C-alpha cells in the first residue's frame, strides 16, 4: 500500500504537469492567484503567529498602531488569507487527477465484476467463506483503492482546513477501515461491490468541477444534476437494498454471526448515515437553485471572501456552483450549504 501511495503521488505530479495543466491553459484558465496583500511586517506577524481572523478588539488596536482604517485592515487580512488558497489552475489539475482516477477505477471495477459470480448473486460472497481465492486482479483493485483513500486522508491535513473536516475525517477513516478490515478478513468479494458502487458517482462530480473551473456553466450544471441522481440512486437505493442486505442478512443466514460481523456492519452503516446527510445537502442545494431559476445563471468568484463583513457586502447571486477556493463547505467532494464547493 505504501508503494502504491508513492506511485499515486508520482502519477499525480506527472498528470498535473503534462496533461492537466496544458488542458487548463487551452481552456483559458490562467495560473494567476488572488490579489496579494500589501507587505506589512506587523500585520504579517499577527497573521502568522496569532490569528488569521482578528476580532474587533484586535482590529481596533492594529488600527491605532498603524493609523489605518479598520476596513483597510480587514481587507488586508482577507487578501492575505486568499494568498494561501490554491489557484483555479491548481484546483483544475487536482480535479482532473481525481476525475481520471475515479473514471478509470470505476470502469476497471465494472469490467472485473461483470464476470464475477457474486456481482449477479450476492450470496456468492459468503459461499465457502473464508476460503475464497484472492486473484491478482482483485488484489491490485483493492490496493489501488486503499492507496488512493490514504492519499485523501493525508491531503486533508495539509490542505486548508475545511468546515466539514470532521465529517470528512470520519468518512476517510471508515473507508480505510473497511478496505483494510475486509482485506484482512478475506471479505474482498463484498468489498469490491462497495468500492465499485461508491466510484459510480464520484467521477461525475469531478467532471462538474472541471466544467465549473472552465466556466462552462450549462455543462457544469448538467453534470451536477446527473451526479445528484446517480448518487441518490446508488447510495440511498442500491447500497442499502443490495450491499447492506447481503452483509446484514444473507451473511447471517449463510455463515452466522462471525466474530467481526458487528464491526464490519457497523462501519457499513456509518457510511450509510453519511450518505443520507450528503443526499439531503445535495437535494437542498439543487432545489434552492431550481426554485430561484439560477442553475445556469451563476455569478461566481474564484476566491470567496473569508471575513464576515465581506460575506455580507459581497452577497452576489450564487447558484448551485458558487466556487470557493478554500472549499469550506466540501463534503467528500460534494455540495453543502447551498454553495458549490471547489477544492
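In case you wondered, yes, glycine gets a Cβ from its N, Cα and C as well.
Secondary structure of the domain 'Homeobox' (43-87) per DSSP (helix as H, G, I; strand as E, B; remaining residues coil): 32 helix, 0 strand, 13 coil. TrEMBL lists 43-87 with the feature domain 'Homeobox'.
When pLDDT is averaged over the DNA-binding region (45-88), the result is 83. For 45-88, the entry in TrEMBL reads DNA-binding region.
As annotated by TrEMBL, domain 'TLC' applies to 90-291.
The transmembrane segment annotation in TrEMBL covers 99-119 (among others). Within its own chain, the transmembrane segment (99-119) has Cβ neighbours under 8 Å at 15, 125, 137-138, 141, 144-145, 148, 189-190, 192-193, 195-196, 199-200, 202-203, 206-207, 209-210, counting only residues six or more beyond its boundaries.
If you look up TrEMBL, you'll see 139-158 (among others) marked as transmembrane segment.
Residues or ranges marked as transmembrane segment in TrEMBL: 165-184 (among others).
Long-range Cβ contacts of the transmembrane segment (223-242) within its own chain (Cβ-Cβ under 8 Å, at least 6 residues beyond either end) map to 122, 193, 197-198, 200-201, 204-205, 207-208, 211, 271-272, 275-276, 278-279, 282-283, 286, 320-321, 334-335, 340. Here TrEMBL flags 223-242 (among others) as transmembrane segment.
Feature annotation from TrEMBL assigns transmembrane segment to 262-283 (among others).
The feature region 'Disordered' is assigned by TrEMBL to 299-343.
The compositional bias 'Polar residues' annotation in TrEMBL covers 317-331.
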